[in-house]
Amino acid sequence: TYQEATRLAIHNGTGRQLEAFISSIRAQIQGRALSPYDGNFSHLLSMWPHLGALDINTFDVTIANISSIIQDYIDGQDSTSISMTAIYNDTLQHSLPILVNIINNAVYRMVVNPEDRGVYPLIVKTHPFQMTSQPAEFNSGSFSSSLFIGMIFVLVPISLAVDMVYDREVKAKNQLRVNGLSSAIYFIIYFVVLGALMVLVCVVLLALIPVLDPPAFRPTPAFCTLGALCLLCCPASVLSAAAASYLFDRADSAQSILPNVAAVVGLAPFILVAALDMLHIGVGGDSGDERNSVVFGLHVFLSLVNPMYVPYAIVYFVNRVYVSCEVNAACGALTFSDFATDEILVLLVSTMFHAPISFLLLVMLDIRKAGGRVSDILKMFSCSKIEKANEEIIENNDIGIHEDADVKAERQKVAQLMSSNVAQPPVVILQNLRKEYQKSPLGLFGNCGNCVKSNCCGEGNGGENTEEGNPDSDGAHSKKVAVRNLSLAVDAGEVFGLLGHTGAGKTTTMKIIIAEEAPTRGRVQIGGHNITSNINEAFQLMGYCPQHDALWKNITVREHLELYAAIRGVPRGDIPM
């Protein structure tokens with residue numbers, strides 16, 4: 001091992017010649033000279049550095065007594081035939097085992113026949129201790145593979161979710177709903193298409209793994225674990241991306257900003273976790289229990305609250321199992337049980353946890369985007385078609401000073417209809433309808449739909465002032481009333497014209513009727529159905545021609561007509577193709 005540094009010093013204190021033993025030692029050190037010394041340890045300090053030294057006090061080994069020596073060793077008794085002290089140089093790491101092996105081989109050579117070819121010398125080999133954990137260093141391969149594969153699973157659903165922003169921007173989603181397509185069916189169809197595209201992307205990526213043949217994913221358990229987690233991650237990725245799209249009202253803004261935001265939200269925490277894990281910063285104590293580590297706690301927190309982090313972590317921690325096995329000499333072929341680590345189990349739970357949570361968040365954001373309240377979710381599942389009078393429907397005392405007699409008569413007529421519960425109510429009933437827009441601290445009005453200008457609540461058809469020209473109803477200049485205590489009823493076969501000057505509240509009223517915006521107070525019924533809790537049945541009875549072009553760019557006008565005819569329930573044979 002140490003070549004020229006394998007030098008020994010010997011002190012023979014037996015008083016007789018030990019030529020056979022010394023010759024055996026010299027044969028093992030390739031004929032290098034043995035340095036004599038007087039048995040004084042201080043003398044060794046002034047000599048040339050040696051591997052070790054032997055101070056022989058007693059040495060009486062022959063073929064005749066070797067059996068008794070071995071038996072004494074087996075019985076644990078001290079042998080009186082051999083007595084020597086081995087001194088080793090601790091600056092040479094392997095000096096002690098080498099020195100012991102030299103002594104054993106020397107004795108072995110003395111008691112066996114050198115001519116016997118079945119006799120082999122004792123050989124000692126040195127190996128480092130087995131690694132049980134990954135060394136504290138940055139693994140560029142593990143990081144880069146996690147970065148690029150994880151980014152695909154983050155950016156692809158984000159890019160697909162931009163179409164939802166476009167549907168809201170051109171009000172195509174609202175037009176579909178008004179024609180009878182429920183929000184549930186819209187989301188289901190949308191996510192079936194996006195989910196199929198995400199699965200296709202996932203399959204393509206998995207198909208490239210055998211072609212590129214990365215070592216970390218070469219074992220079958222690693223490939224299957226990665227594939228299963230990626231497929232389970234697809235629904236959560238699509239749903240979370242769709243929920244994130246509600247931060248934007250314009251498709252071009254979402255297209256340019258949302259991918260960058262999503263990449264940073266997922267990538268930044270992944271870099272933090274990966275760096276802490278690779279460099280062994282914040283790991284567990286001497287017990288090695290990773291569940292007590294800062295890294296594992298951070299991983300659990302991010303996996304449960306940040307769906308953009310999960311795709312990066314899936315690739316990284318699957319790859320980490322292979323890296324840990326590669327540096328551990330005791331690790332053989334990887335099995336599925338090797339991938340049942342705490343980190344991967346957390347990722348498995350998070351992929352199934354994020355899907356329902358993201359869907360619930362998506363429904364809440366969709367209702368809020370239309371100006372509704374979160375409590376409307378419970379109303380949608382209510383079996384009752386008639387709501388009890390509450391603070392949203394009770395009589396409103398905010399009546400105009402110059403209210404006409406026919407307006408008053410209409411309001412009283414509606415109140416009587418709603419209180420009597422007639423068998424055949426009017427087709428459309430508005431009772432005590434009121435719409436207020438909150439004023440922001442900067443003096444701007446919120447909840448103004450998709451207005452481009454910040455003060456659009458009082459301009460044109462984007463929003464309406466009160467008919468009295470006073471937009472602030474509470475005197476504190478914090479609210480703007482767009483529709484004030486409107487009540488009307490439209491019977492079957494009746495043509496009703498809603499007239500008023502610019503800003504009188506006509507467009508806002510129509511938006512409330514079609515549930516594009518929610519009223520501040522009041523009730524809207526269509527065909528006896530409350531459009532908040534019975535939205536599907538109500539809009540099957542309604543047709544609506546919007547002021548804007550709710551058209552998609554990539555299909556023709558004819559295809560639009562065929563689509564809306566199918567949604568309205570026109571038989572396929574009656575739709576000209």
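Every residue, even glycine, has its Cβ placed from backbone N, Cα and C.
Predicted automatically and left uncurated, TrEMBL annotations should be read as such.
Copied over from TrEMBL:
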- 76-321: domain 'ABC-2 type transporter transmembrane' (DOMAIN)
- 147-166: transmembrane segment (TRANSMEM)
- 186-211: transmembrane segment (TRANSMEM)
- 223-248: transmembrane segment (TRANSMEM)
- 260-283: transmembrane segment (TRANSMEM)
- 295-318: transmembrane segment (TRANSMEM)
- 344-365: transmembrane segment (TRANSMEM)
- 484-560: domain 'ABC transporter' (DOMAIN)
The transmembrane segment (295-318) in contact with the transmembrane segment (186-211), cutoff 8 A, at least 3 CB pairs, sep 6+: no
Ranked first among 147-166, 186-211, 223-248, 344-365 for CB pairs under 8 angstroms with the transmembrane segment (260-283): 147-166
Across the domain 'ABC transporter' (484-560), average pLDDT on the 0 to 100 scale: 81
DSSP-derived helix, strand and coil totals, residue by residue, for the domain 'ABC transporter' (484-560): 17 helix, 15 strand, 45 coil
